[in-house]
Every structure is written in structure tokens, then in C-alpha cells.
Amino acid sequence: MSSKFDPQKNYQQTKKQVGYMERQQTAPEDYRRIGFMSGLEVHQQLDTKEKLFCHCPSGVFHRNEAYNAEVIRHMRPAMSELGGYDGTALMEFKTRKNIIYHINNETACTYEVDDTPPFKINPEALGHALKISLLCNLNIVGEVHITRKQYLDGSIPTGFQRTAILGVNGHIQLSNKKVNLIQLSIEEDSCREIADIAHNRWYKTDRLGMPLIETVTAPELMTPNELKEAAEYIRYLNRSTGLVRTGMGAGREDVNVSCKGGSRVEIKGVAHNKWIPELSHNEVFRQWALLHIRQLLKERFQKEEWKMQFQQLDLLEYHFSYQPLLDCRKKEHQIVAINLPGCKGILSHFTQPGQMFADEISQRLKVIACIELPNLLHSEQFENIVSKNDFDKIRSKFKASETDAQFIIWGAVNDIQTAIEIIEERFKMIFDGVPNETRKSLANGTTIFERVLPGADRMYPDTDSAPIPLSDEYINTLQANLPEETYKRISLLKEWETPIDSHTFILSKNLFPVIQEIIERFQYNPKRISTIFGHTYKHIVGQYKVRSEFNYRKLIALFHFIHEQELHPNIAPYLLPILYQHPSMDFASMLTSLKFKKRSMTELIAPIDFLIEKFREIRKTDDPKDAANWIMGQLHHQAIGNIELSDLRKNVDKRVL
Amino acid sequence: MKDLFQGYKGKALETLKKYNVRVWGKANIKTTRGTFNGTILPRSENDDDQHIVLKIETGYNIGINVGTISDMKETGYKKANYKVPEKEFPYTEGQPQVKLFGTGGTIASRLDYRTGAVIPAFSPGELYGSVPELADICNLSTEKVFAVFSENMGPKQYIALAIAIGKEIENGIDGIIIAHGTDTLHHTAAALTYMVQNPPVPIVLVGSQRSSDRPSSDAALNLMHSAVAAGHGDIAEVMVCMFGPTSDEYGFLHRGTRVRKMHSSYRSTFRTLGDTPIATVTQKGVKPIKKVYNHRRKDRNVKILPYFEEKVSILYYYPNMQPDIIDALVACGYKGIIIAGTGLGHVNKPVYPALKKAIEKGVHIFMTVQTLWGYVNMFVYDTGRDLMALGVVPLDNMLPEAAYIKLGWTLGQTNDRQKVIEIMQTSINDEITKREPYNGYLVYQGGVPEVEQFVKNFRK
């Protein structure tokens, strides 16, 4: 039986056993069955002039190679306020990374590299963040306490992020349910990673220290689509204030997912909300698969009984042809084989589309032991990289049984030692279920291991800064200047009969207040105006590059002009592209460039008789509708900005039909 | 009873008592801003009495204004135990014996709820618990001599340290580390240079610019470097061991009399002025920069000279300095004054009479330069010659702080004017150097293309 073991077949079979299905085929009942549960941490950069704790400019970015100096640091775990060490911190220490920061003098000062203590918190950022907290119906704290949150991956040179809670216990209103918010914090953004190769990781410090808020929902989102709706809602809410940054990386989501019997796993830094459903779908099934693996292994062993064996391989004894193995001699790297008792069928067990359990190990080796990919060969690979003979020889050395599986790993001596520990640790974790992890999202909707999930045991009061009291007067002033709540905006859009496909654009670009002002001030038809913005304007934005002089007040001014000149608003779609491309041009000149002339209905319909005659000469059909259409086409351009086209049509129809 | 409400006072204390909720109690608090749940934390004594500090479940701290509280209930109690894991320092045969004296300071510190800042904490077990690599370098024993911040270090502590060092040397130690706050590290380094003469082993003062409760602290690496220098280095002098660059790369060993803290917060804050550092140090070993230094010896012939006169002052000259300042010092019984003068060592004419009077009353007055780099030269201008005629004695390129400490130490031994001058002008370990090498003054300015290039390629 064993000789016929087919890893590909095993992969497909375990995929079926787990019950994996495509997201489109998955019904809410299916998610309920496997206990899909998720919550969000939505990160949003605030639009401020300066960074959060120093006076460097915020929002200025550099190319990787544009730097003036570099600083090297190493991180060591430090104890939390409650006297514990954090698991992630200890993991990061194991990696022994050299962290190299690239510093550009324009965007980073000595604060960013932790050579100067923090300056007072940026009041502009604090005000922005509090406004958003109020919109989230959060209970605002009486005093803001800056806390240090340890991050040993090097993404912040201090080794911790300065962060502070502004409010707790809020909620947002989705279409079908109310979702609770746990908290909202203000924090400094981290470095941008340039590269991570073996024991070196490079960061640039331009983004570091920019003010950011994090909105955390309760784990109450029960399907991937609901999760996405919540993410969109929070994004609209943040943008409704006009106080946040937009563009690449300005908003990022961490998605927490678990299944019944699983664990909280955090998918980090999801840049696009549209990725959320697929990522969370695959994650919940990955957890479901890991629980299946646990069941398989538990049927064979007790956790305490399971023990793996390893031994170093001598290149000369084998006939390897795989280049990375052959290179080990030159690099003085070790090659180690590991025997995994009773693990046949586990390595090629399905975890995610395109990934099997062995990949979970390989990813941990890359991150924790710093061994670059490819870093693992095993007995259940789809393609035979190591010959059957060589594997048989390895198996006989271990006196392995038919039900065992084997790994081959290679790398520097120190790293291999760490690698062996990691493999043993991960296999033992199978018995406990799903490890708490943070995972990196890939564009195809799957994830890879990023690090061990940190807990609350990494918090420490920031001894460099004093608490900041928030008086009632201050909160009241902020409260007085808030936009309406986002769910009210959504219901107004529906009331206006705004096309549903344009809601996202209007809310995410915060065009709602623009449309509302135009409708209210000039008494235009809401459906017409919101459609102009949801369709025409969206098309323009997609088509042309925005000019720095352009702003939303100019959009309102355009409609003010149309109203004042007693033009018909159907000219707006023709003026908008001109305004967008030439924001400094005066409106009268725009009209001229359209060759616009004021005409009354009488003037416009005067040539109809002539046109009827003309159509008779060139006609191809006798259908009077074709005649009407043709005449409309002739008059259309002159009518725009003067009258409602449907009124003109009525007049034409009257004469032709 | 007081301990139940650690740090709370006034209105906040009243509120806690009213609702019978303790520090470390888990509380449910109803306020006009909504309900909050969490653990009550101690409060800093210097913070106001209007707020209660709460650690919420997610680990963050927040403050609640007591004026907004309408009800409060204690639902549990759990005191945190902030303690660095203590592990017995292992002994390895064949490794050098190093003694570490703790004086306090950032290198060994932990959170203090009384002030909300960090306080010194120190034990060998704690040290090993946080920097286990030390065990691979040497066999370390530790002694807490005192626990004070560096600004509270003074003559009493210098003397106690000098005597303790003397005993350790006598007992055959291979090297000494002194963990010290950084603010006055160079004062202590100078004091020990004068008080502990002709040491046969390295005496290394070390601190950190970032407390050890931070993941990117320089404490661990500084400690390792100092252990290498003390246990394995060949330089048997009083030295300061701190970061060379701000990066985690290498440390410098600075001569105790020529070193100065030059930045309020940089890791690479200590610099040797008017000379090069003696050596660089990494975990691999000490690499001398200077060719001449005192080598490690087998003998135990150290001279301990633990003296100090406290009535000594340092006067930083500024334009329009009034003579009454000097009169006041004399009236207060000061026996010695170090002037940090302008340029080559000058003060303005109106203080001359006051200086003359002071010297006539037996006050010893010496001149150093506030430019820090360069020599006092009182011959170049008439004003300098006038000052010398008054009895103000130039101290060449001695740093003002090194001169201040030396004068205190000298006056602790004698008050005889000729002897005092002789001791002050006789260099013990380079507090005065005969020459300033060309690379002893390197304060580069940014913006110049070649400097920018250098910074980008080399300065980390």
C-alpha cells in the first residue's frame, strides 16, 4: 500500500475530507457550520502636516535608494508592565536579525531612530483621531496614556510603537446588524520594509512616525461578505471626516479569523478591501484543515509520545542532484534529515489552495531560522527532487516505518539548530490545534506565516510622556463639528435613487457632502446630481491625472455658476472634465470652449421643419421614430445646458410622430 | 492602608475609597462618558488628582476623570509582579573574574510607579536574566554599592567606589565594571582616575542611553563590551565604555579624564575630546587605537587616594558676569574655583578685583576653556597676562569637569598653594596632554558633499 502512496491524490483527498469549497459556492450556513468568526483592525493614516511625536513632515515618501545615512540595531525582548515576556518577542529574538534603517534627512530626525525622546503628541492628529472616535460612538477616555507596544521585528527602531487608546466600547451600524467596536487607538506608523534576506532586514524611515488610527471591531462578523461590509463601512466613516489620507497604503486592514475549535489568526496589512472575503474564506478553511490534521495525528499518538529524530547527512553518501544541496559543500552548510514518525499523509495534507502542511513548516523556517526559500525537501512532494533510492537510504538510517515521513533541510549550522527546534515545536503544536499566528496576505487570497501572534503581554507605559487630560469642553467642541454618521449617508443615497454601483465611489472619495451641498443649495434633482458624480465624475477621475490646484470646493463652485447663469445642469458632465484638467480656468471660458450659446426652447425647435425635410432626403427607413432620433441628434448639442433633453424630445415627437 | 491606593491623592483617592476599590483591583466604572472595565493601576505621585489609571483588557492604559464617575465596583483583584527573572550567574572554569559594581542609572532600571519614570534596579541574577551572553565572556560577581541616579553621584560615592575597587584588586580580581548613570559618568571616571592610581587591571565605567526595559536598549551591548574590556582587555586604566556609533556596532573605550557626554540623548553621546579614544571594543575583543597605554599587570600595586574637598565650584563665564558671584562663593567658604573661560581662557575686566580678593583669601582659582577643545593660552592677549598676574592658573587642555573633580581631589589632600598648583598641573592620566593630534578635533558639519558621502557610507 505504502509504495503506492500518491501525494497529489492525498492532497485532493484531504481537501475533500476537510470539505473545502469555492467561496462562491459557500453559503452562510456553511460558515455557520464551521464557526466562521472574525473581526477587524482597521488602520488609517491621518492627514496631518507633521508626524505624531516629532516635527518631521508627514506623507513625504522616498525611493528605496534615496537615503542619507543608515543605522543598525538589534532587538531584545523586554518585559511587559505586568512582568511577562511576549511570545512574539522571544521568537523575534531567536531570528538574530540585523535591522538596518535607511534615513533620509528630509523625513526622519533623531527621534525616528530613537536617539531623541518623543516631543509632545501632535495636537492636530489627536483632534482628528478624537473626531473619528466620536463618530464611532466610542466612550472617550478621560486621560490619554501613551503606551509602548513591543514590536521586535524591527519595524520601529525603538522596538515598540507609541500608541494610546482614545475610546472604548463603540459601535457601527451595518445594513443588517450593529457591530460593536472594542477600541480606537492613535499610534505612530511603522517603517516600510525594503528587503528581508537571511539575517538582514532593511527598512526605510519615511513613513515611520506618521499618525495612524486603529479601529478594532468585536469578533462579530460571521461571513466573509459581512467582514468586507464592515471594512468598507469603517473606511467610509474615516473618509467622511475629510481628515484622513488616501492612496496607496494609507488604509490597511488586519483581519482576525477563527473557526470553531480554532484560534485567532491575524491576516496582516490587507491593502484592498476586495481581498478580504477570499482571504478570510481560505483562512477559516485552513484552520479547519489543521484541526483535521490534529485529529489524524491524535488517532496515532499522544502528544507526549511523539518524538522526531534527526541526523546530519554526508553529501558523499547520496546521489543528490538538487543544486541547493550540492552548494552546501562550498558554503559549509549542514544537511540534516528529519524523521517524522507517523506523519505520512500529513505533509501533503491540504491546508489552502496551492499549499500543503509542509509549506507551513517551510514558511516558519524562512521567518524564524532565516533560511531562504527553498529550504525544505520532503517525502511527499509532488515532484521527485530526491530519488527514491536516496530517500530509502535515509529511511533505513532512521529505521523508519512505512507510516513515517521525512524532511531534508540545509543551511548554516546555527540556523539549522534553530530550524530543528522550530520543526519539533510546530509538530507538537498540531496536537494543540491551530497556533496563534499573524499571516501575510497574498494577492491570490491565500496567506503565509508571518510571525507568532503577540498578546497583551507586550504593553508598557511610556515613561517618556505624561498623560494628556481630555476636558469635556474640548470634546464638545470636536463633537460640534462632526459629519453625519455614515449609515445615514448610505440611506440618503438610497433615498436619492443614486445608482447602487456608485455608492462605493461616492463614499470612499467623500463626495457625499459635495453632492448634498449642491442639491440643497441649488435645488437640483438628487438622482441627477449623484449620478453625475457616481458615473461621469468617476470616469473622469479614472481617465485624467488630478492637478494640485483642484479641490472639492471647485466642484461646488461649478454648480454655483451653472445655477447663477441659469444653465441647465445637464451641461455639468461636459464642464467637469475641463474643470478637472484645468482647475484654474474660469467657468465662462469653459463654456466658450464648448461653443455654448444660450437658446430658448422656441429657438431650439425652430429648425425642426427644415430637419424633417432633410431627413426625408437622406432617410433609409420610413419609421418616424428614426426621424425623431435623427433630429434629436442634430439638436442635442445646442440643447445641452439650455433645456431638459426629454422636453425637447417631447416637442420633436409631437412634430414628427 | 496607604499601599492600597499607591500614588493616589486628593479627589482621586477619595473616589477610590468611596467606592472601596483598590489599586490592582479589577473594576467596572460607570461614567458620563460610558462604562469602562479594567484593572486599577498605581498613579504617579506627580500627576494630578483628577484621574484614575486603568489597564483595559487589551493591555492598554487609560485615565478616567473622577468627576465623570457615577459608580464603580471592584470585581476582582490581581497584583502584577514586575520582576526581571533572576537566574544564578554560572561559573565557567578558565574565564576571567570580573566584578560589577552597581551604582544605579539607566543600565539597570525598571518601572517606578511613584514617579512614573524608571528607577534603578540591580542584582546579578537580574542582570544574567536579561543579558545571558555575559556568562560566555567572564565569571561575574556583582555588588550593589548604592542605587542612585547619576546626577546624585558625588564625592561620598567616589570615595566609597575607590575603596571598594582597591579591595577587589587586592583580592585578585581580573577586571572591574562600574554600572553607572550616564549624566555624570565622566565626572566619576575622572574622580576614579585620580583616586585609583596605577591599577593593574581594567576599570570600566559603563551606562546606557536607553533603559534596559526597551527592546532597542544599548544596555546589553554596552555591558557585553565592558565585560570584554574588563575581563580580556589589556588596557589597565579607568575608562568609559559606551557606543561608538549610534548603531549596534562597536563600543569605544575612552580615557576617564578626556571623555565627556556630548548629546543629551544619543547613544553615541560619549566622545574623547582633544585626542582619540584609547580603543574600540566588540564582543570579539579590544582593539587599541592609541599605541601608548598602561598594560595589564600581574602585581597588585594599586594606589588608592580617596580624598575630596567638597567646597569647590565650577564657574561658566558669560559676558557681563558680575563680580558679586565670585564674592558670594568666597563668602560661602569655597576653597577652589574652576573657571570655564571664553576663547583661550578669558573673563571680563570687572571681575578682576573680585578674583584678586578671592586669591588673596586663599581660594585656588584655575582657568579652563569653555570651547572644550584646545588649550588655555593666557599669553596671547593682555587680558590673559593680567589674569595670570592676579594668580589665576591656566590648566592647558584639561576639560572643565575633569579640572573640577581634580581640584576637589587635590584640595582634599593639601591646601598649600604651591603644592595645589603642582598637583593640578601634573597630569595623572592625560587630563592634560602635551599635544593635540590633528584628529583630536573632528566635529564635521552636515551639508558638505564629502561629509554627506562619509556619513552615508561609514557613519552608522
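Each residue, glycine too, has its Cβ placed from N, Cα and C.
Marked as active site, O-isoaspartyl threonine intermediate by TrEMBL: B:T106.
Residues or ranges marked as active site in TrEMBL: B:T182.
Summarising the annotation, TrEMBL assigns substrate binding site to B:S150, B:T182, B:D183. B:D183 (substrate binding site) falls within neither a helix nor a strand when secondary structure is assigned with DSSP, and so counts as coil. Other Cβ atoms within 10 Å of the Cβ of B:D183 (substrate binding site) number 18 in total over all chains.
What TrEMBL records for B:29-68 is domain 'GatD N-terminal'. Along the domain 'GatD N-terminal' (B:29-68), the predicted structure has mean pLDDT 93.
Under the heading domain 'L-asparaginase N-terminal', TrEMBL lists B:98-287.
Positions annotated as domain 'Asparaginase/glutaminase C-terminal' by TrEMBL: B:311-424. Note: the domain 'Asparaginase/glutaminase C-terminal' (B:311-424) comprises 49 helix, 21 strand, 44 coil (DSSP; helix = H, G, I, strand = E, B).
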When secondary structure is assigned with DSSP, how many helix, strand and coil residues does the domain 'GatD N-terminal' (B:29-68) contain? 3 helix, 20 strand, 17 coil
Minimal Cβ count within 10 Å, across the recorded positions B:S150, B:T182, points to B:S150
C-alpha of B:S150 (substrate binding site) to C-alpha of B:T182 (active site): distance in Å? 6
